[in-house]
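Undergrad: Pulled these features from TrEMBL for this protein:
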- Ala92, His97, Gly198: substrate binding site (BINDING)
- Gly93, Asp219, Gly273, Lys277: ATP binding site (BINDING)
- 8-295: domain 'Aspartate/glutamate/uridylate kinase' (DOMAIN)
- Lys21: site 'Transition state stabilizer' (SITE)
Amino acid sequence: MDLNQTIRCIVKLGGAAITCKHELEKINEENLETVSSQLRQAMNLGSCSNKVIGMDWSKRDGVLDISSSLADFDDQRQFTVDFSRFVVVHGAGSFGHFQASKSGVHKGGLSQPLVKAGFVATRISVTTLNLEIVRALAREGIPSIGMSPYACGWSTSERNVASADLSGVTKAIDSGFIPVLHGDAVFDDRLGCTILSGDVIIRHLAEHLRPEYVVFLTDVSGVYDRPPTDPNAVLLREIAVDEDGKWSVVKPTPQSMNMQVEITVAAHDTTGGMVTKISEAALIAKLGIDVYIVNAATIHSLKALRGELRHNIPDDWLGTVIRFSR
């Protein structure tokens, strides 16, 4: 499972950032297009042509000629597909969560007809979203491969990862592809089944692949001391994680804010929402890997994806960095 070279970055595309979370199974097309473009810019090693060579040759609405991209390959000396090594993991947003919560898949109990049906319905929904994200990345010339955790043999034991064959992921990376994984319905040794969240997948991948940094793209500017809809909410700019896994706010200073951090979880979210995100990010930071939580499709997210924040975070950057307190 060893990689030939190190991974540069693992990116989490938050479900709320790439879908319209209040509309069932609706993609936020504008955000997804911007995020895909930013990922191409971040992955570009400099030897790539500025011309985007599309890799989605399938039929879609509004496009009559699906063979136009093929002409770009006539003279392959004009460009090279040379990207730095990224892994993408996305959440479900308005895909999957509804099906999972209505059927109780996250609680287990495959012997119940409703749960079994929900398992099927959830996987149909999340794999549909995965395909559309892969297509969006492919249109930006990113050689993406959709990889469903269930199909790759991931399973859990009381919701903790019990088995995860990463050989397919590492083979894809070493072959020059960008794996695109997602939150999924999986088998659980104790519960029968559950939902494996994208945040847990990110942490497991970080433990084994050891990227240089990790970026969580969300629908808000970062982690706040209370729900960001609260007018008094304060953006936590830097969080330090201790050796024992406990985390504390470094910026802004504790004296300048109310230290009672309140986190809420949306009623339909079966994966723990921001609570899971912070706890998983803290475990990643404990490995010595910086984690950036930032609003998707902004100049701030582009800086994080490019790795521009690793040595110096400018005062005007909006986001949250979670670091190991060395």
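Glycine residues also receive a Cβ, built from the backbone N, Cα and C atoms like all the rest.
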Undergrad: What's the CA to CA span in angstrom from Asp219 (ATP binding site) over to Lys21 (site 'Transition state stabilizer')?
TA: 10
Undergrad: Same chain only, sequence gap of 6 or more: which residues have a CB within under 8 Å of the CB of Lys277 (ATP binding site)?
TA: Asp199, Phe216, Thr218, Ile293
Undergrad: What number of additional C-beta atoms lies within 10 angstroms of the C-beta atom of Gly93 (ATP binding site)?
TA: 26
Undergrad: Given the substrate binding site residues Ala92, His97, Gly198 in the record, what is the largest Cα to Cα distance, rounded to whole Å?
TA: 12
Undergrad: Of Lys21, His97, the recorded positions given in the record, which has the fewest other CB atoms within 10 A of its CB?
TA: Lys21
Undergrad: Looking at the binding-site residues Ala92, Gly93, His97, Gly198, which has the shortest Cα distance to Lys21 (site 'Transition state stabilizer')?
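TA: Closest by Cα distance to Lys21 (site 'Transition state stabilizer') among the binding-site residues Ala92, Gly93, His97, Gly198: Gly93.
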